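Here's the structure we're looking at; comments come further down.
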Amino acid sequence: MALFLSIFPIILLIWLMVKKNSMPSYIALPITAALIYAIKLFYFKDDAMLLNATAASGLVSTLTPITVIFGAIMFNRMMETTGCIDIIRKWLATISPNPVAQLMIIGWSFAFMIEGASGFGTPAAIAAPILMSLGFNPLKVAIFTLVMNSVPVSFGAVGTPTWFGFAPLNLSAENILAIGRQTGVMHFFAGFVIPVIGLSFIVPWSEIRKNLGFIGIAVFSCTIPYVALAMVNEEFPSLVAGAIGLMVSVFAANHGWGLSKDHPKDPNAEKVPFAQVAKALAPLGMLIGMLVVTRIKQLGIKGLLTSKEEWFSFQLPFDLSKITVSDSLTITFGNIFGQGVNASYQTLYVPAWIPFVFTVWICILLYKTKFKDAWAFYAATFNQTKKPLLALMGALIMVQLMMVGGDDSMVKIIGKEFAAMAGEHWVYFSPYLGAIGAFFSGSN
């Protein structure tokens, strides 16, 4: 019975989200979290205050991904409002008339970098309109961009799926880095086939074969630095590798390396001035620069942004929680509801305010953005993050509640029972469980 009640909420969630009149995740996930709360309270007999404290810690944990999403979306909105995306779009369109070159530069290298910077659907949202403006079929472009995103996704939004995704397991930094290394290696080998599969949805195999040289240049210029960076860091692989790959791919396409001669350049095509391109790419350069400066331990800034030295603290009434603020503005909610449950938010280190919001503020001044335009993309960002906030709250509370109980927790029951049934073959089934999780949350 314990196994059935542990699995039932997941089955219900799947049904709610795939039935004919499916329920959106921002409704289905909170409902499932409420059901799990009831099961834990009435069947597993867990203490109500412990469940309440766990749910509260889930709410605090939501601050990390939602502020990253908020910052990433606002950055994307700023790029659109200031015209940076339009200039980048025009520039990319003039590099080569070869469709394979256009698809690999925009749908692979450029999207690779955007995934590393923003994640959460922005690569497809940016790359797809550019490709459609070049005359590619909209439906095929949608499929293509989603398939191509399979390689950089695990280190998207400066590594959020890796460093935040495994946070509930309380793994050491060494273990998370080891996971990142293995992930990088797996995605490196996936890079041999994913781009070819993606291209096959849009161009015929004959075109792919003729341009295999350029495809190889574009792929390896991303995946080699990707796997190299994954050996030492879980935040930079997609962002920096994408930037390197984009520069190499553009250079190679300009010189026609590995491209068929079937699509000669139009000598009369309007070129975008280098100064405009540089100014349009400046926000991405600032983003990468801030990340590098704040993530390299030897520079000393990382230590300042992650310091746990207490600045001040105070106790909330009725023993709700002790709130501690460190000198790095890390906010810790300690001993929530007196249950020994803690949760914290690293205000300055989580890649939200720095670099996304800070970069946006600089760009508002740099591009002399009007107040009404700046307010418009702020408002649009708030509106766009409302539903993801509800979905994340439901998902994180659900996960936290399922982990209550130690060896008798719902996740342990599911894991032990399925592992016992599958035995040594469990490794072949676990990816499907991960795929279901990605489907629920809309994130890797």
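Yeah, the Cβs are placed from backbone N, Cα and C, and that goes for glycine too.
Per TrEMBL, transmembrane segment is recorded for 26-43, 50-73, 105-131, 143-164, 184-205, 212-232, 238-257, 277-296, 348-367, 388-406, 426-443.
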Practice problem: Kindly say whether the transmembrane segment (388-406) and the transmembrane segment (50-73) touch, using the definition of 3 or more Cβ pairs under 8 Å where each pair is 6 or more positions apart. | Solution: yes
Quiz prompt | Criterion met for the transmembrane segment (348-367) and the transmembrane segment (50-73) (at least three Cβ pairs under 8 Å) | solution = yes
Quiz item: Which one, 50-73, 143-164, 238-257, 277-296, has the most C-beta pairs under 8 Å toward the transmembrane segment (105-131)?
Solution: 143-164
Exercise. Grab the same-chain neighbours of the transmembrane segment (212-232) for me: Cβ-Cβ under 8 Å, and only residues 6 or more beyond its ends, written as numbers and ranges.
Key: 98, 100-101, 104-105, 108-109, 112, 151-152, 155, 177, 180-181, 183-185, 187-188, 191-192, 195-196, 199, 238, 240-242, 244-245, 248-249, 252-253, 257-259
Exercise. Report, as numbers and ranges, every residue of the chain located at least six residues beyond the transmembrane segment (50-73) whose Cβ falls under 8 Å of a Cβ in that stretch; write 'none' if there are none.
Key: 33, 37, 40-41, 117-120, 122, 157-158, 160, 164, 167-168, 321, 333, 336-339, 341-346, 350-353, 356-357, 360, 381-382, 384-385, 388-389, 392-393, 396-401, 404, 443
